[in-house]
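J.: One structure coming up, written as structure tokens, with questions to follow.
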Amino acid sequence: MATVDATTTAGSGKQTDAAPSPPAAAAAACRSLSGADLALRVLLFAVTLSGLVVLATAEQTVRVPVPQIPGLVLSLPAKFKDSPALIYLLVALCVTCFYSLLSTAFTSLKLLFGSSPSRTLFLLVLFDVFYAAIMASATGSAGGVAWIGLKGNSHTNWNKICNIYGKFCRHIGSSVFLGLIASVVLVLLTILNAHSLYRRSR
């Protein structure tokens, strides 16, 4: 009987070593989610900073001859400051970039010192949703301006300008694209942290 008990004890010990305990598995899953959260926030910072720099440098001056007056050439500048929608996108990129920096630091501390309280995680979800809405609205507004600059609008007699201001339009288009990526990243962060809250509530 002693031999059987010893064998059973040894077998159960092997099973314990082979399968991790539920708390250990939960901690590993939590760290995995936190790592994904940190990677997305670093990506968000890089994207918003790049979009901010690209949009802030969106400026071009072209020399356009006046057909009615031979020899007269006008210097016509194009700046992002000329459009309220582009200014809105710049502000949205700026505040989202600052938020991504703060949230990246917070997530790094969470990885170092353990999981954060559910209340803090819930606030993080709310902020992610808030900034996702800001970025989506700003990107949509700027995208409308960029489309008119690219294609024009014959119904309102708005002429396209991208055939003249090529560099300026490339900057605007790139910043709108980066703003769209930032919006998608924020949505992914919202889903990820909402899933973390769901795991804790089970």
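Placed from the backbone N, Cα and C atoms, the Cβ positions cover glycine too.
This is the feature table in Swiss-Prot:
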- 1-37: topological domain 'Cytoplasmic' (TOPO_DOM)
- 1-21: region 'Disordered' (REGION)
- 1-15: compositional bias 'Polar residues' (COMPBIAS)
- 38-58: transmembrane segment (TRANSMEM)
- 59-85: topological domain 'Extracellular' (TOPO_DOM)
- 86-106: transmembrane segment (TRANSMEM)
- 107-119: topological domain 'Cytoplasmic' (TOPO_DOM)
- 120-140: transmembrane segment (TRANSMEM)
- 141-171: topological domain 'Extracellular' (TOPO_DOM)
- 172-192: transmembrane segment (TRANSMEM)
- 193-202: topological domain 'Cytoplasmic' (TOPO_DOM)
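What's the neighbourhood like for each of these?
T.: Taking the topological domain 'Cytoplasmic' (1-37) as a whole, pLDDT averages 54 in the prediction.
Counting same-chain residues at least six beyond the ends of the transmembrane segment (38-58), those with a Cβ under 8 angstroms from any Cβ of the stretch are 79-80, 86, 89-90, 93-94, 96-97, 100-101, 103-104, 107-108, 111, 168, 171-172, 174-175, 178-179, 181-182, 185-186, 188-189, 192.
If you look at the transmembrane segment (120-140), the same-chain residues 6 or more away from its ends with a CB under 8 A from one of its CBs are 85, 88-89, 91-93, 95-96, 99, 103, 106, 176, 179-180, 182-183, 186-187, 189-190, 193-194, 196-197, 200.
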J.: Please give the sequence-distant neighbours of the topological domain 'Extracellular' (59-85): residues at least 6 beyond its ends with Cβ less than 8 Å from one of its Cβ atoms.
T.: 138, 141-142, 144-145, 161, 164-168, 171-172
J.: Same chain only, please: residues at least 6 beyond the ends of the topological domain 'Extracellular' (141-171) with a C-beta under 8 Å from a C-beta of the stretch. Say none if there are none.
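T.: Same-chain contacts beyond the flanks: 54-55, 57-60, 62, 64, 78, 80, 83, 85-86, 88-89, 179-180.
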